[in-house]
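Here the structure comes first, spelled out in structure tokens, and everything after it is commentary.
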Amino acid sequence: MTTVNAPEFVRHPKLIAWVEEIANLTKPAKIEWCDGSEEEYQRLIDLMIANGTMQKLNQEKHPGSYLANSDPSDVARVEDRTYICSQNKEDAGATNNWEDPAVMREKLNGLFEGSMKGRTMYVVPFSMGPLGSHIAHIGIELTDSPYVAVSMRKMARMGKAVYDVLGTDGEFVPCVHTVGAPLAEGQKDVAWPCNPEKYIVHYPETREIWSFGSGYGGNALLGKKCLALRIASVMGREQGWLAEHMLILGVTNPQGEKHYIAAAFPSACGKTNFAMLIPPAGYEGWKIETVGDDIAWIKPGEDGRLYAINPEAGFFGVAPGTNTKTNPNCMATLHKDVIYTNVAVTDDGQVWWEGLSKEVPANLTNWKGQPHVNGEKAAHPNARFTVAAGQCPSIDADWENPAGVPISAFIFGGRRADTVPLVSEAFDWVDGVYKAATMGSETTAAAVGQQGIVRRDPFAMLPFAGYNMADYFDHWLNLGAKVSEKAEASGNKLPKIFNVNWFRRDAEGNFVWPGFGQNMRVLEWIIDRCEGRANAVETPIGFVPTYEDLNWEGTEFTKEQFDLITNQDRDQWVTEIESHTELFNKLGERLPKALKERQAALLEAVKTGF
């Protein structure tokens with residue numbers, strides 16, 4: 001039997017008993033209680049270098065930075081192996097995979113039995129959100145992966161201080177993770193242990209997360225998507241708040257007015273770039289600051305405003321396509337202390353990925369550890385960097401404010417080659433919820449499967465909602481109604497809701513909108529709409545700006561180009577709105593009536609209004 005030996009700073013009997021229970025099941029060779037110290041971090045890094053899991057990069061060019069290359073079978077989230085095991089199948093809904101919790105527990109008990117043999121179990125305490133914030137929640141992850149332990153130190157508030165907040169009886173979300181590769185005595189380990197069989201399982205009622213077989217970020221860093229979205233969305237519904245797949249940014253104009261915006265885009269649609277946007281020429285005196293690039297927890301305040309925190313402490317960003325032109329702030333964030341995964345490396349120990357430079361360096365080693373062959377990808381399309389958010393030059397002064405920051409507007413956007421205009425404002429909260437509920441995006445490399453097909457991704461939460469999607473829509477509608485009453489009483493108003501699409505293409509298939517820093521022009525219009533300053537034209541699908549309503553100083557983007565990405569085609573929109581029925585039918589009886597009514601009204605407006 002493995003000895004638990006909890007250190008003095010752990011004073012929580014229930015937690016200690018749980019660690020003992022999991023140790024008896026998984027049978028690790030030893031248990032290590034992580035304290036989050038620099039010494040511990042370096043020791044685990046050195047251990048992984050010795051094991052071949054990580055390599056030290058050129059310390060002049062990449063001080064404190066390391067590279068891990070995963071097994072080629074373990075490179076992305078595995079949505080088809082991700083389960084919501086609610087007691088009642090209906091509570092998981094048609095967009096989630098469900099298994100009876102009793103059946104799943106039996107299955108997982110079999111898989112986890114002895115799964116950590118020959119390995120160390122790391123007890124990783126973490127807070128999602130600033131320590132002690134009323135919006136924050138604590139998790140404890142038990143993992144046999146040192147890669148997870150060091151990554152969690154960057155991605156969450158990880159360490160001894162968590163136990164001070166937890167005390168002797170504080171609540172925590174129990175997270176169990178194994179790579180599913182036990183070692184027999186004397187057996188040599190591989191560089192990236194994993195198992196062909198993978199399960200990422202959530203039990204919403206008991207707030208448990210169990211992950212088997214994968215060492216990759218989203219499947220193994222259980223504070224991220226598993227706790228911060230799937231479990232937290234269930235908690236939010238019960239407690240009256242939102243857990244969302246959203247970036248949060250602050251915008252300050254030259255007059256010193258500041259607004260915070262939360263924006264939801266599916267994975268690999270530019271959340272990190274937008275969160276770290278640098279205003280273009282013509283926007284001197286404007287400032288964009290970053291609160292978060294991926295997840296927002298949003299709670300109603302007493303004044304009827306919605307306040308958001310970034311529950312994470314780091315960025316787990318997609319490397320390919322990131323460079324000093326597309327995201328200078330991100331590149332500056334990567335100046336030191338980064339864990340890279342599945343990027344390529346030069347012969348002098350510098351990282352490289354597609355899009356970092358036009359020229360492909362000579363003598364490159366690809367993400368599989370082999371010499372790079374021209375015409376093949378040197379870095380995996382879903383290669384990642386893990387870095388502390390505090391290193392970002394555009395980080396907002398209030399990014400760790402335990403009270404959160406007040407949200408003025410929500411933006412929703414997907415990757416669409418046609419139909420959806422550059423920007424539109426919803427008529428009201430219900431209309432905005434409808435647009436977010438039916439947003440579509442072309443699939444990307446962040447999830448396993450086919451690329452380039454339009455799929456409905458409601459609120460960019462399709463892979464992340466921890467309960468029935470129809471109930472999730474209902475929660476948004478109800479929250480809006482409740483907060484609206486409170487806001488009016490305090491002289492405030494609900495955030496406005498906008499849709500954007502940076503990805504319209506011309507007849508030749510090229511992107512028309514330059515994107516990146518130029519998205520500031522759309523952002524300025526959005527803020528001015530929140531302030532009641534900007535003009536717009538009412539169309540059947542919302543309020544849209546004319547060419548003259550946007551600020552074009554410092555650019556030569558023409559009216560003809562603008563018309564290409566804002567024109568609305570009646571037939572395309574009829575097809576679009578009719579195609580929403582497929583999602584609505586899938587969601588069945590629980591779909592809020594207000595959304596069916598909105599669809600009918602929108603279809604009528606589009607048929608007669610264009």
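One-based numbering along the chain as shown.
Note that Cβ sites are derived from N, Cα and C of the backbone, with glycine treated the same way.
Feature annotations, reproduced from Swiss-Prot:
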- Arg77, Tyr216, Gly217, Gly218, Ser267, Asn382, Ala383, Arg384: substrate binding site (BINDING)
- Lys225, His245, Asp294: Mn(2+) binding site (BINDING)
- Ala268, Cys269, Gly270, Lys271, Thr272, Asn273, Arg384, Arg415, Phe516, Gly517, Gln518, Asn519: GTP binding site (BINDING)
- Cys269: active site (ACT_SITE)
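Other C-beta atoms found within 10 angstroms of the C-beta of Ala268 (GTP binding site) number 20, with every protein chain shown included. Its Cβ placed at the centre, Tyr216 (substrate binding site) has 26 other Cβ atoms within 10 Å. Asn382 (substrate binding site) has Ala268 as its nearest neighbour among the binding-site residues Ala268, Gly270, Thr272, Phe516, going by CA to CA distance. When the CA atoms are compared, the binding-site residues lying within 10 A of Thr272 (GTP binding site) are Asp294, out of the candidates Tyr216, Asp294, Arg384. Neighbours of the Mn(2+) site: apart from Lys225, His245, Asp294, residues of the same chain with C-beta atoms within 8 angstroms of the site's C-beta centroid are Lys224, Ala228, Leu229, Ser267, Ile295, Phe464. With respect to Ala383 (substrate binding site), the closest of these recorded positions in Cα terms is Ala268, chosen from His245, Ala268, Cys269, Asp294, Gln518. For Cys269 (active site) paired with Phe516 (GTP binding site), the C-alpha to C-alpha distance reads 11 Å.
The CA atom of Ala268 (GTP binding site) is located 17 Å away from the CA atom of Tyr216 (substrate binding site). Taking the Cα atom of each, Gly217 (substrate binding site) and His245 (Mn(2+) binding site) are about 16 angstrom apart.
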